[in-house]
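Annotated features in TrEMBL:
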DOMAIN    17-93  domain 'DUF7344'
TRANSMEM  119-141  transmembrane segment
TRANSMEM  147-166  transmembrane segment
Amino acid sequence: MSGEVSTDSGLDPTEIHDVLRNSRRRLVLKQLIAVDEPIELGELAEHIAAIEYGESPPPHKLRQSVYVSLHQTHIPKLTDLDIIAYNDTDKMVMLSGHAPDIAIYLEIVPQYGLSRTELFAGLSLLGVLATVGSSIGVPILEMVEPGWWSLLALFCIGILAGYYSFTQEPTLFERVR
């Protein structure tokens, strides 16, 4: 026995960490999850190059560099772990066996700042503190009724949830079609 703690996904924690520590592999997985259908490797490379270099469309040389990196390094690694499948004939990339199991970890490894979970928890805590502070008479907070603080916190959480639903993930309508 190796002493490794296995996860429910069948992948070792070291394999999961190795996959997700690379930003390019995270971008591959995020894009495949977002489109929820097979995508051509060149199109995937162009999307990732546009994100990495901040230009849309990215310069051909940069797109080609990303394409080669994906084709020679990242796609084989993800394929070997059965996270994605790659058809070399038509150059199509799609999610595979372990993709749903590893997708949950994308939330835990935010590229910048707070994860969604931390953001929602922070807004909830702020709402509770403002409501309680207003109820017990904390200066400035007591100027607004406690119910309004709760309503404001719920409104902010709703706006944030809507933002994530419509910009970061496939919408309900996209998943249904």
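Even glycines carry a Cβ here, placed using N, Cα and C.
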For the domain 'DUF7344' (17-93), would you mind checking the mean pLDDT of the predicted model? 87
Over the span of the domain 'DUF7344' (17-93), count residues by DSSP class, listing helix, strand and coil in order. 51 helix, 8 strand, 18 coil
